[in-house]
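Below you'll find the structure, written out as structure tokens, and then a few comments.
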Amino acid sequence: MAELTINADDVRNALNEFAASYEPGNAERVEVGRVTTASDGIARVEGLPSVMANELLRFEDGTLGLAQNLDVREIGVIILGDFTGIEEGQEVHRTGEILSVPVGDAFLGRVVDPLGQPIDDLGEIKAEATRALELQAPGVTERKSVHEPMQTGLKAIDAMIPIGRGQRQLIIGDRQTGKTAIAVDTIINQKANWASGDVTKQVRCVYVGVGQKASTIAAVRQTLEDHGALEYTTIVASPASDPAGFKYLAPYAGSAIGQHWMYGGKHVLVIFDDLSKQAEAYRAVSLLLRRPPGREAYPGDVFYLHSRLLERCAKLSDELGAGSMTGLPIVETKANDVSAYIPTNVISITDGQIFLQSDLFNANQRPAVDVGVSVSRVGGAAQVKSMKKVSGTLKLDLAQYRDMQAFAMFASDLDAASRQQLTRGARLMELLKQGQYSPFPVENQVVSIWAGTNGYLDDVPVEDISRFESEFLEHLTHKSSILTTLAQTNVLDDDTAAALKEAIVSFKKGFFGEGDNHLVGAGHEEHAAISGGDVDQEKIVKQKR
């Protein structure tokens with residue numbers, strides 16, 4: 001048998017050759033967790049010690065989850081999708097990504113879910129970028145005071161509760177009082193600005209439907225399309241059939257889509273319809289995650305849920321492009337109780353509230369705005385000069401009218417001044433009525449309110465106020481340049497006021513003299529205008545019996 005000999009040089013050369021040719025591979029560290037329990041849209045996962053808060057996780061069937069509770073031994077995960085295929089023992093992988101949504105102009109005219117995926121069967125959406133859902137709100141130095149008007153097209157709001165671009169204005173009221181109608185009318189009213197092509201005037205709108213019936217969201221979309229407003233609107237839909245996690249995330253998705261445009265120097269209007277259902281969804285998620293409950297079983301951070309969302313609405317400084325995002329959150333009350341937990345939270349966060357009263361709605365006063373409770377804390381600085389001039393005493397006049405109306409129920413004989421308040425107040429209330437999907441340009445609103453507050457409608461029967469208003473505005477449109485002047489200057493000077501006075505006096509002479517259109521017909525009560533000086537009881541024209 002041959003003797004085995006080992007040459008040290010050969011060994012050295014072999015090792016050198018191997019070392020020279022060795023190429024180390026890219027070692028990958030993969031964390032894999034396992035599902036311990038899964039039910040009701042919540043999964044508990046163990047084995048992922050390095051996961052981040054709000055990180056996306058991927059289950060075996062491809063469903064995504066959102067890491068929420070980071071406990072010592074396991075993670076509480078919100079399942080973003082169908083959870084019926086997720087079972088105990090399945091693997092869960094990290095993605096290393098924070099939850100974000102695609103954004104861009106391609107989203108205009110589309111309906112998407114809270115993850116930014118289209119659900120309107122119109123094909124894929126080519127996104128310009130992605131934006132994290134949990135994005136920090138602009139800081140104090142990045143903001144500018146609200147000074148540009150956001151016109152709703154509704155006389156009761158634009159005159160007494162004005163909204164500015166960058167403001168947060170709460171719409172609050174019982175169910176079926178017209179909250180969504182106000183939001184939709186506001187979107188429709190932006191059509192003229194969009195058609196102008198002026199970037200400084202155009203407003204991109206985002207409607208976030210949370211917990212609504214799918215048929216309701218579909219009806220909103222159809223309404224916007226019928227009125228030509230869908231082309232500048234994105235709808236983020238999370239109907240009642242969606243899991244609680246989707247309803248919780250939907251407002252943040254809509255806000256992220258709007259913030260992309262805001263930081264691009266554009267103006268955005270976001271409707272959150274409604275935040276009370278988002279709070280209920282967050283309560284359900286928190287209880288399933290076994291977080292300790294607080295008042296009304298809501299978690300302790302439910303205030304932060306809404307504050308960090310609404311604080312994103314802002315008017316940015318000129319250095320950041322001077323864009324703005326206006327928020328119109330909607331909250332539903334029960335039995336007009338605005339002192340409940342969620343309503344008081346959102347009232348304290350926002351810059352004002354529009355309170356809708358069910359009694360007014362049932363009395364056919366629509367929009368059913370309760371002027372006494374409603375307020376806009378910062379919108380007054382954004383109100384156009386002409387509107388501020390004519391509506392200065394409107395709120396006080398209506399408050400005095402309501403007080404006098406309550407007093408008149410028990411008083412058999414009133415002096416002339418009291419009758420004057422009742423006469424004018426009834427006509428102002430009628431003047432503030434407005435049909436749905438028929439927003440008014442601001443110059444038309446100024447003329448209507450000017451006529452009412454200056455007593456030019458006192459001799460018009462209440463039931464004919466609406467017809468008088470529409471025909472007078474049509475008369476001005478075709479036979480006068482007053483509306484054009486008001487639209488261009490936004491100032492009601494003495495010359496314009498004199499021209500308006502001459503026009504309405506002339507119009508009333510012809511209007512009262514019309515044959516079939518005579519304002520006082522069979523069965524109508526005839527009233528006479530009462531000036532402030534008519535204090536003698538004899539000067540009051542009695543009603544015809």
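Start at 1 and count along the chain as shown; that gives each residue its number.
The backbone N, Cα and C atoms fix where each Cβ goes, glycine too.
As recorded in Swiss-Prot:
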BINDING   GLY173, ASP174, ARG175, GLN176, THR177, GLY178, LYS179, THR180  ATP binding site
SITE      SER374  site 'Required for activity'
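Look at GLY173 (ATP binding site): DSSP puts it in a strand.
All protein chains shown were included, and the count of other CB atoms within 10 Å of the CB of LYS179 (ATP binding site) stands at 25. Candidate binding-site residues: GLY173, ARG175, GLN176, THR177, GLY178. Nearest to SER374 (site 'Required for activity') by Cα distance: GLY173. What surrounds the ATP site, by Cβ distance within 8 Å of the Cβ centroid and not counting GLY173, ASP174, ARG175, GLN176, THR177, GLY178, LYS179, THR180, is the set GLU332, LEU356, SER358, PHE361, ALA368 from the same chain.
Among the listed recorded positions, namely GLN176, THR177, THR180, SER374, the Cβ with the most fellow Cβ atoms inside 10 Å is that of THR177. Comparing local CB density within 10 A for the binding-site residues GLY173, GLY178, the maximum falls on GLY173.
Neighbour density for ARG175 (ATP binding site): within 10 A of its CB lie 10 other CB atoms from the protein chains shown. Here ASP174 (ATP binding site) comes close to GLU332, THR333, LYS334, ALA335, ASN336, LEU356, SER358: these same-chain residues lie at least six apart in sequence, with C-beta atoms under 8 angstroms from its C-beta.
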